[in-house]
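Participant: If you look up Swiss-Prot, you'll see 102-342 marked as domain 'Radical SAM core', on the strength of sequence analysis. Per Swiss-Prot, disulfide bond is recorded for 109-345, and the stated evidence type is sequence analysis. Taken from Swiss-Prot, the feature [4Fe-4S] cluster binding site covers 116, 120, 123, and the record attributes it to sequence analysis. If you look up Swiss-Prot, you'll see 170, 171, 202, 224, 225, 226, 302 marked as S-adenosyl-L-methionine binding site. Taken from Swiss-Prot, the feature active site, S-methylcysteine intermediate covers 345, and the record attributes it to sequence analysis.
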């Protein structure tokens, strides 16, 4: 456990919360914007470095507040430019944050929980069980740490982080309030100023919270589907027993239509040899998604010891992709980046992180990043 100081951590406060904090200590609300810029634009955690803040206020802040992100355990850089941070949160658990560069884009994959309670059969993270929800400061702190590492100012055109995906450890919708607060900071001009189209939340399908999402925020949505029928998805994603596909896809369509503009759902589909990669599965998927504006990411499974699953052949993957293409869907197949640092750090977070989920995230993150600007409307089934 990391000892708590009892002070208010300003790192995770939204603009509204920051203004209320300054009210509570008898200061003007405009101070909130000043301090937020120092924290998020310049990565400052020392109040004495906030030079446009009076000395008296700095002393007051030192007495009752702090700026504290997760503790960086390690930072590794792959030969392809991918970066991975292992960070320790207040519960004592470690989580991962991954940065994937691609041309002028830089996508950061952020964790929302330590461990996971969903127990998906092809993902050993769930087998470790759930440890804790991350605080808003620990979620946005991953962006803060990465930004500081690059020495990048968020508001500038050459900033390192252009996209963020909530696709790290955990189910974001099961840590709803903290994830919402962190995503607001990602998009706030006093925070990181990232476009709503470039912030993506990935979910396994917590239907009530998908319905709640549109009341609180407007971000892109990705669904971890992995099966084209309920019987198979019940095996792969046990959450499906509670929220079957018909109900789940209806909730996704409601959310997408609530955005009031032409946006599409991203479907993530991990391909498992002889499990969900056959022609009949592609045919079922075509029928399942016919009323859902979407694009599809096919993610070849990356085996890990004792998983019980294998990666399909390249021919099987291409055949599956071709069938979906012929039906009018925009479909991509992606390969992993950062494999060399994946292996190097696997043991460090072995109790809370597995190789398969990392592979799935790296691939999907890369595609989501590329998707923002390049996918023509005509190429997407609507």
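Placed from the backbone N, Cα and C atoms, the Cβ positions cover glycine too.
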Participant: Which whole-number value in Å describes the distance between the Cα atoms of residue 120 ([4Fe-4S] cluster binding site) and residue 225 (S-adenosyl-L-methionine binding site)?
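Facilitator: Here the two Cα atoms are 11 Å apart.
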Participant: Can you tell which of 109, 123 has the least company, meaning the fewest other C-beta atoms within 10 angstroms of its C-beta, among these recorded positions?
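Facilitator: Checked 109, 123; of these recorded positions, fewest Cβ neighbours within 10 Å: 123.
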Participant: I'm checking region-level scores; what's the whole-number mean pLDDT for the domain 'Radical SAM core' (102-342)?
Facilitator: 92
Participant: Near residue 170 (S-adenosyl-L-methionine binding site) in space, meaning Cα within 10 angstroms, which of the recorded positions do we find among 109, 116, 123?
Facilitator: 116
Participant: For residue 170 (S-adenosyl-L-methionine binding site), what is the tally of other C-beta atoms lying within 10 angstroms of its C-beta?
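Facilitator: Excluding its own Cβ, residue 170 (S-adenosyl-L-methionine binding site) sees 28 Cβ atoms within 10 Å.
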Participant: Write down the Cα-Cα distance for residue 171 (S-adenosyl-L-methionine binding site) and residue 116 ([4Fe-4S] cluster binding site), rounded and given in Å.
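Facilitator: Here the two Cα atoms lie 7 Å apart.
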Participant: From the recorded positions 109, 171, 302, pick the residue whose C-alpha lies nearest to the C-alpha of residue 123 ([4Fe-4S] cluster binding site).
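Facilitator: Checked the recorded positions 109, 171, 302; minimum Cα distance to residue 123 ([4Fe-4S] cluster binding site) goes to 302.
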